[in-house]
Amino acid sequence: MDAKTNDKSAGKCPFTSGRSHRIRDWWPGQLDVQVLHHNSNLSDPMDEDFDYAREFESLDLNAVIKDLTALMTDSQDWWPADFGHYGGLMIRLAWHSAGTYRITDGRGGAGAGQQRFAPLNSWPDNVLLDRGRRLLWPIKQKYGRKISWADLLVLSGNVALESMGFKTFGFAGGRADVWEPEELYWGPEGTWLGDERYSGERQLAEPLAAVQMGLIYVNPEGPNGKPDPIAAATDIRETFFRMAMNDEETVALIAGGHTFGKTHGAGDASLVGPAPESAPIEDQGLGWNSKFGTGKGGDSIGSGLEVTWTQTPTTWDNNFFDTLFKYEWELTKSPAGAYQWQAKDAPAITPDAHDTSKKHVPTMLTTDLSLRFDPAYGKISKHFHENPDQFADAFARAWYKLTHRDMGPRERYLGPLVPKETLIWQDPIPAVDHALVDDKDIAELKAKVLASGLTVPQLVSTAWASASTFRGSDKRGGANGARIRLAPQKDWEVNQPAQLKTVLARLEAIQSEFNGAQTGGKKVSLADLIVLAGCFAVEKAANDVGIDLKVPFTPGRMDASQDQTDVDSFAPLEPRADGFRNYIGSRHQFMTPEEALVDRAQLLNLTGPEMTVLVGGLRVLGANAADSRHGVFTKQPGTLTNDFFANLLTMDTVWQPVAGQDDVYEGRDRKTNAVQWTGTRVDLIFGSHSQLRAFAEVYACTDAKEKFARDFVAAWTKVMNADRFDLHR
């Protein structure tokens, strides 16, 4: 809502500000592996046995809601409430906490309280939201560890809506805080509000969703500040689609959110000070301090826009649509010089936020007019205008989706306000309704799987394909549900559909035979059997080279149906690249292969050593896509050896690019010049990158064969269980 600010929010250039240079300042093209080690327990101030879910479940949520409700109308002199109510501010606070979510990679969102940290706390679009967090601090301080900042930010938005007469759909807790900023890719730009993310005919680069650096969604003045409602609608549609919202949800969210509060552009934006991260130390993390008038209340400057959408900005009603359709609109500028629109030939009927004796002519943003003048949005807006109950329901559901989209499956939701209805975007999976297999059953299934004719590479690659869709960002994907047998996953190129069909058919036959022979309701799900078969294959691969180990397995997965699977919603989970399988798809664009490997490892919540041992193990086990031989640095494929590392690091091999093949290399014997191996950038990075080479050296040592196998099994099990929220919350 408030989006525009000046350049004072930017920090100083690292090369001219007198500080020492980091390694990546000297070698900016160096692969960044440190992203795999962020938010470790070394930065966590909580006790080792701290369990946020347990703490939240002991919270008196009604007491928190009561305190939040009281806060809404307890205007503070240091930051007076607009219209005597902080509701508009708290809605924007919650919205912008959740609104960074993007469906392409599941990153962003409200799930970790990242709005407290740079860069989000100092984004132009988050101007003055630091005031909202400071208003919440006494409540956070009161309830301490029982409610996270992440949960409190979302809850404050819900309570704000409820306190102004709106009935929300529900609220779930369970968002545990993190303690350091995430190093996410927010765009290529080096300046606030830059838009180098576009190419061609306004093609927005992936995985981005927002239109400019430092914005949550779109520029409220219009594309690049040009006040064109139709062009703005194009940006809105693309951006909200990339945040998993359709047209109806988009209209409901914008109109619902703009039913309350106002924007702030009372005067010259050049009088506004720097953002929190570059504010003077004595300002104690409060940014955007203004020298215009009092700098607060009626003198507030945020986005530079000065718009109050309705005549009842602290009440839920249909006034937004009433105003939008009642008047014709003419272009004007705010006192801060930002483009906005005012009602033509309209009386001054909109209240002032801080002076009850003043009234204003109705105003709107360029992006508000998009909801009327874009044909598709206009049709939806008229329907909502004529059917306010349907508008209220649509906004309630869209707000719930916005604020909970990155929480993952419903089983992670905590608290008494979780709605009973299960929604398709929650990727539902049936609850376990049968007795689970025991050790004796597992032994029987192992014998059947190993006698089925399926190979170690087939079983390993199928289990990996099923489990490795998991994204720690929004807790989606994973082996639970066995969605690898359903559209769209069964048809993904990386999953080798023809081979996958064969493997699944044989596993389904084993499942059917086993379940048909049971009494007492015992069953094995296909989801469990896929993982179990992969575990059997890993055990066999280790045993075949004399390493005796057992791969842990815990039953309890269930099989989802096609009706429980939104094909369009699952499409973004398709890997454009998967370095673990040495796969680069035709649509892969925005990263090098080795960057894509680290990116996928980060989504799987893997550390650098875990990523390293998994790549080395999956190569020798033959799990490459399309049965590629790249990176299979072993003479005994299908066995769990440390050959990948030993053969990569030897000085007996010389590597050189293969002519005509992008990112493919051949390793030749240094003496005979005979080709020994072929590999990709993903393979060779473990010998080239100094930190990854250090990890690889550990596993290449002669005495590391068993350690390699044990570490591989541990990392494998972590991925297989990544979505088992019944085992870890």
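Cβ coordinates are placed from backbone N, Cα and C, and glycine is handled just like the others.
As annotated by Swiss-Prot, active site, proton acceptor applies to His96. For His258, the entry in Swiss-Prot reads heme b binding site, with the evidence type sequence analysis. Swiss-Prot lists Arg92 with the feature site 'Transition state stabilizer', giving sequence analysis as the kind of evidence.
Counting Cβ atoms from all protein chains shown, Arg92 (site 'Transition state stabilizer') has 26 others lying within 10 Å of its own Cβ. Comparing the residue listed as 'active site, proton acceptor' with His258 (heme b binding site), their Cα atoms are 14 Å apart once rounded. The CA atom of Arg92 (site 'Transition state stabilizer') is located 10 Å away from the CA atom of the residue listed as 'heme b binding site'. Counting Cβ atoms from all protein chains shown, His96 (active site, proton acceptor) has 24 others lying within 10 Å of its own Cβ. In this structure, His96 (active site, proton acceptor) is part of a helix by DSSP.
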